[in-house]
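Asker: What follows is a single structure, and I will ask about it in a moment.
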Amino acid sequence: MDPYHVLIYLSLLVILSYSFDIIVKKFKIPAVLLLLVTGMALRYINDYYALPIPNLKSLLPILGIVGLLLIVLEGALDLKLSRDKLPVIRQSLGAALAILLVSSLLIAVIIRLITEAPFQSCLTNAIPLGVISSAITIPSVAHLLPEKREFLIYESTFSDILGIMFFNFVTLNQEFRFASVLGFGADLLLVLIISVISCGVLLFLIDKIKAHIKFFLIIAVLMLAYALGKIFHLSTLLLVLIFGLVINNTEIFVRGRLKRLVTHANIQNELHALKMITAESAFLIRTFFFVLFGFSMNLGHLTDVSILFTGFLIVDAILLARFVHLKFIAKTSLVPELFVAPRGLITILLFYSIPEQFIIPQVSEGILLVVVILTGLLMMFGLLLTKEPVAMEEVEDFTERHKPGPIL
């Protein structure tokens, strides 16, 4: 294909994605759904004219990993820590953990009843569907009141991290014994130690490097650390979250002798540029990832009754787990929290990471697509029910940091 034609198509996709973000602010339709529909429409046109289909699916995991890191970093860079935030952090962490475990188990039972596959395989396939997508949640809640917004951002980010840790634990342990839990705890402690050391080094680099081009170096170091950690089956996504929280809250973490090594004022001066670069990069990756995912789907899945039925059952299980926790345990409001549980980038990424021995043929990409679409529509419904808009000045200030428009 002519490279100029490719350049035109890519540019049009970015422009279209930017316009979708404007639609999100006005009509509360998740931009990700619009990107998926765009990808599916392009696939329909491609099939209608019998054009050759390029093998682009291999790009999905790469785009997904990069997008996940940028999205978690973007979310962390917007979170301020203080004593009065501890309750919402505890509440969101508890919600993320409890809902992830319960919804994954419920979905695993559904898969077990339908396929009669071994339970470990069912649970491995269920975990990706039990994880909330921060890639979709973060930009979609920009207009909410601060306490609702912070809860949902924290919950979705914790869900991403805990989901990856849970997925690794289930796939790496054939039997669940005390030794497995002990090893998991040791790995988590190791990740925390690596995170503390890495954050110190990265803060020092940001403070001391005077060249204008340094932020992609920082992002590259984070990606390198994440990839190396994944090779050794460590949950190094936690490193990205901790780095974002530390750099956005240096007044809390940089104290005593550390002040001699890192200048708080210098870090704060660089913070805005890092936020903008991260947000715009995440916007770009998200655009291509979801369009490509929509393009790679078989549209016949959306008319398959068995796939639709299974997808609806899974979404029902997700809603049940959220309702019970939010209503009876967290005792918080249900609108829009009950409905803001979209599945997206992290779900797709984990789904494609399922080891071959745990793959269940009946749990197809079609079910994945149906769940992503249904949870996106439910989130849109919940946001439309919300009657507590905040001032537009605050919305614009928040969303500007999440895109050249706003954002697993």
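FYI, residue positions are counted from 1 along the chain as it appears here.
Placement of Cβ uses the backbone N, Cα and C atoms for every residue, glycine included.
Take a look at what TrEMBL says about it:
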- 6-24: transmembrane segment (TRANSMEM)
- 29-46: transmembrane segment (TRANSMEM)
- 58-81: transmembrane segment (TRANSMEM)
- 93-114: transmembrane segment (TRANSMEM)
- 126-145: transmembrane segment (TRANSMEM)
- 152-172: transmembrane segment (TRANSMEM)
- 178-206: transmembrane segment (TRANSMEM)
- 213-232: transmembrane segment (TRANSMEM)
- 277-299: transmembrane segment (TRANSMEM)
- 305-323: transmembrane segment (TRANSMEM)
- 335-354: transmembrane segment (TRANSMEM)
- 366-385: transmembrane segment (TRANSMEM)
Asker: Per the definition of 3+ C-beta pairs under 8 A with sequence separation of 6 or more, do the transmembrane segment (335-354) and the transmembrane segment (58-81) touch?
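Answerer: These two stretches do touch.
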Asker: Who are the chain neighbours of the transmembrane segment (58-81) in space, where the CB to CB distance is under 8 Å and they lie at least 6 residues beyond its ends?
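Answerer: Long-range Cβ neighbours of the transmembrane segment (58-81): 89, 134-135, 138, 150, 153-154, 156-157, 160-161, 219, 222-223, 226-227, 237, 240-245, 247-249, 252, 271, 274-275, 278-279, 281-282, 285-286, 288-289, 292-293, 296, 345-346, 348-349, 352-353, 398, 401-402, 407-408.
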Asker: Six or more residues beyond either end and a Cβ under 8 Å away: which residues meet both conditions relative to the transmembrane segment (93-114)?
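Answerer: Contacts with the transmembrane segment (93-114): 122-123, 125-127, 129-132, 151, 154-156, 158-159, 162-163, 166, 310, 313-314, 317-318, 320-322, 324-326, 329-330, 341, 360, 362-363.
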Asker: Between the transmembrane segment (366-385) and the transmembrane segment (29-46), are there at least three Cβ pairs closer than 8 Å, leaving out pairs fewer than 6 positions apart?
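Answerer: Yes, these stretches are in contact.
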